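Q: What follows is a structure written as structure tokens; I'll ask about it next.
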Amino acid sequence: MDEFEMIKRNTSEIISEEELREVLKKDEKSAYIGFEPSGKIHLGHYLQIKKMIDLQNAGFDIIILLADLHAYLNQKGELDEIRKIGDYNKKVFEAMGLKAKYVYGSEFQLDKDYTLNVYRLALKTTLKRARRSMELIAREDENPKVAEVIYPIMQVNDIHYLGVDVAVGGMEQRKIHMLARELLPKKVVCIHNPVLTGLDGEGKMSSSKGNFIAVDDSPEEIRAKIKKAYCPAGVVEGNPIMEIAKYFLEYPLTIKRPEKFGGDLTVNSYEELESLFKNKELHPMDLKNAVAEELIKILEPIRKRL
């Protein structure tokens, strides 16, 4: 697998693929992703970090923006508390094997020049466009705050300030990234990853909703959470267990089953697994048991490093 294919695998889209191929030719290139510091780093975060590791392996310098001011604007707590959580997040990302430069937003977002450029960008952005870009990110929908229109403009400015070639995020970041491509003099390549479905099957996996598997969960916690997770027979779309099987598990995969239910099953690819499950040749509980045990193995090195 070449560098381009390695970066492209398991992404939802790259804007644009041609521009990424040009960036890959550069001797020095950089990519960034921003995270609002979170009390629990879960599989949704891990999926993003896995992509940053792909970029790292393709020769990119990696920048992780610990977006403390963004978290503050999104009503995630007081700044001191958010900063402490960010310090913990850094340790978790390092335990995942990522080698990166870590930057707190508050280290540069309060500078005079940064603030002045936010004002310049604000003059070019309609209120409707700024609000629309926050639809999948904002914490509160019914009574939106002015902070919600400052947030995306700051994120656009972050891309400019950091001077990166590639911006990475989940699909919920797409509208902000498109705004950046329109407003900034340098068109950044945008890599968008899937947004994992929460274990309850309702919306995205989120620490605030409690519908997640944390990367430092114990084996017992992982088994219990997966056992209770939404996983209707034959349904692939919006099935969190199938998503975990697609984005985290390695193949061939052995699914252990009692002899009376057909005995152990070897699955050579995710596509084969999807076909078996869709055709109801694989029971949800057998799938859950296999996914739980494989996930425990995958997360064990991270737990040990922490």
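Glycine is no exception: its Cβ is also placed from the backbone N, Cα and C atoms.
Model, not experiment: these values are computed from the prediction.
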Q: Looking at 31-38, 103-110, 151-158, I want to know which stretch Swiss-Prot calls region 'Tyrosine'.
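A: When 31-38, 103-110, 151-158 are checked in Swiss-Prot, region 'Tyrosine' belongs to 151-158.
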Q: Ranges 204-208, 219-223, 254-258: which does Swiss-Prot label motif ''KMSKS' region'?
A: 204-208
Q: Give the range, chosen from 52-55, 176-179, 228-231, 244-247, that Swiss-Prot lists as region 'Interaction with t-RNA'.
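A: Of 52-55, 176-179, 228-231, 244-247, Swiss-Prot gives region 'Interaction with t-RNA' for 228-231.
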Q: Apart from TYR32, GLU36, GLN173, which residues in this chain have a Cβ no more than 8 Å from the mean position of the Cβ atoms of those residues at the L-tyrosine site?
A: ILE33, GLY34, PHE35, LEU65, ALA67, HIS70, GLN155, ALA167, VAL168, GLY169
Q: Given that the record lists TYR32, GLU36, GLN173 as binding L-tyrosine, what is the largest C-alpha to C-alpha distance among them, in Å?
A: 13
Q: Please determine which of the recorded positions listed here (ASN143, SER207) has the lowest count of neighbouring CB atoms within 10 Å.
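A: So among ASN143, SER207, the recorded positions given, the one with the fewest Cβ atoms within 10 Å is ASN143.
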Q: Give the nonlocal contacts of the region 'Interaction with t-RNA' (228-231) in its own chain as ranges (CB under 8 Å, at least six residues past its ends).
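A: Cβ under 8 Å, 6 or more out: 197, 199-202, 239-242, 284, 287-288.
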Q: Measuring CA to CA, name the entry from the recorded positions TYR32, GLU36, ASN143, GLN173 that ends up nearest SER207 (ATP binding site).
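A: Of the recorded positions TYR32, GLU36, ASN143, GLN173, GLU36 has its Cα closest to that of SER207 (ATP binding site).
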Q: Can you give the mean pLDDT for the region 'Interaction with t-RNA' (228-231), rounded to a whole number?
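A: Residues in the region 'Interaction with t-RNA' (228-231) carry a mean pLDDT of 98 in this prediction.
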Q: Would you mind checking how many other C-beta atoms are within 10 angstroms of the C-beta on TYR32 (L-tyrosine binding site)?
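A: A count of 26.
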